[in-house]
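Here the structure is laid out as structure tokens; the discussion comes afterwards.
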Amino acid sequence: MWVTKLLPVLLLQQVLLHLLLLPIAIPYAGGQKKRRNTLHEFKKSAKTTLFKEDPLLKIKTKKMNTADQCANRCIRNKGLPFTCKAFVFDKARKRCLWFPFNSMSSGVKKEFGHEFDLYENKDYIRNCIIGKGGSYKGTVSITKSGIKCQPWNSMIPHEHSYRGKDLQENYCRNPRGEEGGPWCFTSNPEVRYEVCDIPQCSEVECMTCNGESYRGPMDHTESGKICQRWDQQTPHRHKFLPERYPDKGFDDNYCRNPDGKPRPWCYTLDPDTLWEYCAIKMCGKLGSNLLLPFPLTDWI
């Protein structure tokens with residue numbers, strides 16, 4: 001008799017135990033949480049390292065298994081006593097070297113090193129902007145009309161309330177993502193601020209014909225999606241490997257046209273979008289650049 005009364009209780013305990021374990025089992029079955037892909041934010045120079053001539057420049061180093069891990073640490077500045085602008089991955093020793101400088105910094109020079117790959121944060125070395133230029137961290141410090149910029153940490157001749165680690169020296173910035181692009185307060189007391197003349201990356205290098213020879217720095221699609229690196233197979237697997245096609249210009253994640261499509265394109269970091277075209281200006285016959293319309297119904 002007591003067995004028949006106890007049986008429903010035991011069954012209820014089994015059900016409750018299963019429900020308690022279910023939330024733990026779901027993440028395990030689905031795999032680990034996907035990490036942010038940050039390697040696309042760097043310009044790669046193979047077999048290259050940086051040599052600092054200035055002994056005061058700092059370096060941080062630690063053993064890491066992949067360049068992706070180095071990139072994540074650099075972008076997040078995790079455990080670093082400085083703002084990371086570049087890193088070197090030592091392939092032989094599986095070690096990262098993070099730098100608060102890059103190849104454009106004074107007191108620094110590039111050196112050949114077979115076991116090294118240099119990765120520089122593109123925001124600090126590119127001479128063009130994407131969209132409104134909110135991520136621009138270059139060194140242009142002159143306005144569109146040629147006025148020298150006022151340092152961000154100065155209140156002379158113009159007082160302001162702008163603060164931030166990326167507001168360095170008197171470089172043009174767009175800290176609030178305004179429509180005009182990077183700007184600065186000026187050193188002219190009569191002109192409070194002015195935009196800077198920094199071109200869009202789609203305009204830095206124009207293309208001819210269908211853009212098979214295009215080798216410019218555009219790394220976003222026409223809808224704004226970030227391009228996947230050609231030397232990576234995630235999120236999309238593909239056949240266009242840089243080592244297999246050394247003459248196709250598969251540098252980093254820049255838009256290219258290796259297969260004769262109507263214009264340059266790239267695989268995207270969006271798992272649901274395999275590839276998209278890039279908006280790149282056509283070279284005009286008289287030296288002007290024209291952004292011409294193209295049909296969107298093309299082949300893969």
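Glycine is treated like the rest: Cβ placed from N, Cα and C.
Nobody curates TrEMBL annotations by hand; they come from automatic prediction.
Per TrEMBL, signal peptide is recorded for 1-31.
Per TrEMBL, domain 'Apple' is recorded for 37-123.
For 127-201 (among others), the entry in TrEMBL reads domain 'Kringle'.
Sequence annotations record features per position, and here TrEMBL assigns domain 'Kringle' to 205-283 (among others).
Residues annotated as disulfide bond in TrEMBL: Cys206-Cys283 (among others).
Over all protein chains present, the Cβ of Cys266 (disulfide bond) has 25 other Cβ atoms lying within 10 Å. What TrEMBL records for Cys227-Cys266 (among others) is disulfide bond.
The disulfide bond feature in TrEMBL is assigned to Cys255-Cys278 (among others). According to its DSSP assignment, Cys278 (disulfide bond) is coil.
Taking each Cβ in turn and tallying the other Cβ atoms within 10 Å, the top scorer among the disulfide-bonded residues Cys255, Cys283 is Cys255. The separation of Cys278 (disulfide bond) from Cys206 (disulfide bond), Cα to Cα, is 12 Å.
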